[in-house]
């Protein structure tokens, strides 16, 4: 009998050895197959020189290791948890299901949770009718607490279901994150023909040397983003930005203009810079942060489990959180492009050469483009949480479970989940990949892996030489070398954000947008 007193079966002492060996063989085989799959996946990504995706795979391994530890911890502490006894009145408040449904829960061996029910619990009944060799086992946690006129804090069955939910949540989150990046990356790769057409123009000498004057108001980028009704109205501008994320979120004129602004700001000496390849590398680098489950996301799970009270329909209302956040993020990203267009249109009537926008962190929330990545991370997790919770309830308790809720609450949740997944993959994520390049700083993904390693290695050697010189000549020369080294490294890997009065003509790549 199980620790909860309600599950059928015997302990390992009275289980045939062939059953134990067969089950262990299947579990070990599946585990080894999964481990080998991840291993060969990592080797494939390394062979394809996909270091960011390889690091994302390592992050998935870390999450699986965390799940394994949670599983082990729940298993080891199971007996201790189920032996924590509390008065029956403690279990009558903040329930996911109404007490009126208590008689229907007898099949789950939870009759002992509700005062007023017969004191002869199912576990006690099972103990009386159990064979002699299992009577010692049926004196379980339920019987342990019942002898004290109390109930277990958490039954073995409830602990087992909670264990399954945590595993399902992590698996669904990782799966949805991978699918989002795959579909979003496919959308972004469709822009490659824009990059190729620009490269052909750069190689055409007659086009490069041909002098031209651009009428700002006639430029496609300005005409689409600035001209027309409501161009001077902030409210209309936000409404247009909101609606544009649903259709044609990024046009060729947007891509070409933002690309040119990025190159003229950060890579002026290299007009043939492959902006599309850099953008893909930057997105892959960010993906390894999105695929993980941070501590604050686990905190959100705990808060939801606390507030999932009968009658509150918490599972329904929290479904609107990712929708609101995603629409806000998409609107903000579109509005950043609009702001860039306004800045140029308000300053110039005509310019010589191509239209140039000025990237700046001031266009983003809190002057930090990184906030967008944090919100996308939370949106993907929240959506995965909703879907995982639905399937977990369906498989564990059935579609008619009181925890599942009424159909009029279930259908909108599923529709919202699908809507979030599609819009985030094909609109929000591509917008993020492009627009967050319009920050003050560029990302370290602008360097290839080999160059990144060389820069880091050079920086470490320079630091060691400075320390050795300082040891040999205390107080002499160290300050000068330190200052020279700081100038060279400050533009690439600054330790702290520079003050508002500090500026440098050298481009910066501090790992943030």
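From the backbone N, Cα and C atoms, a Cβ is placed for every residue, glycine too.
TrEMBL does not curate its annotations; it predicts them automatically.
Summarising the annotation, TrEMBL assigns transmembrane segment to 18-38 (among others).
Sequence-remote contacts of a segment are chain residues at least 6 beyond its ends whose Cβ falls under 8 Å from one of its Cβ atoms, and for the transmembrane segment (64-81) they are 3, 141, 153-154, 156, 159, 162-163, 166-167, 170, 293. Per TrEMBL, the feature transmembrane segment maps to 64-81 (among others).
The transmembrane segment annotation in TrEMBL covers 162-183 (among others).
The transmembrane segment annotation in TrEMBL covers 290-309 (among others).
Sequence-distant contacts of the transmembrane segment (315-333) (same chain, at least 6 residues past either end, Cβ-Cβ under 8 Å): 238, 241-242, 245, 249, 304, 308, 364-365, 372, 375-376, 378-379, 382-383, 386, 389, 405, 409, 412-413, 416-417, 419-420, 423-424, 427-428, 431-432, 435-436. The transmembrane segment annotation in TrEMBL covers 315-333 (among others).
Annotated transmembrane segment per TrEMBL: 371-394 (among others), in sequence order. Beyond the ends of the transmembrane segment (371-394), by six or more residues, the same chain brings 164-165, 168-169, 171-173, 175-177, 180, 286, 289-290, 293-294, 297, 300-301, 304, 315, 318-319, 321-322, 325-326, 328-329, 332-333, 364-365, 401, 403-404, 410, 413-414, 416-417, 420-421, 424, 428-429, 432, 436, 513 to within a C-beta distance below 8 angstroms of the stretch.
Residues 176, 179-181, 183-184, 187-188, 245-246, 249-250, 254-255, 258, 279-280, 282-283, 319-320, 322-323, 326, 329-330, 333-334, 336-337, 372-373, 376, 379-380, 383, 386-387, 390 of the same chain lie 6+ residues outside the transmembrane segment (414-435) yet bring a C-beta within less than 8 angstroms of a C-beta in it. Look at TrEMBL and you will find 414-435 (among others) tagged as transmembrane segment.
The region 'Disordered' annotation in TrEMBL covers 463-513.
Residues or ranges marked as compositional bias 'Polar residues' in TrEMBL: 475-488 (among others).
Annotation comment: TrEMBL describes 500-513 (among others) as compositional bias 'Polar residues'.
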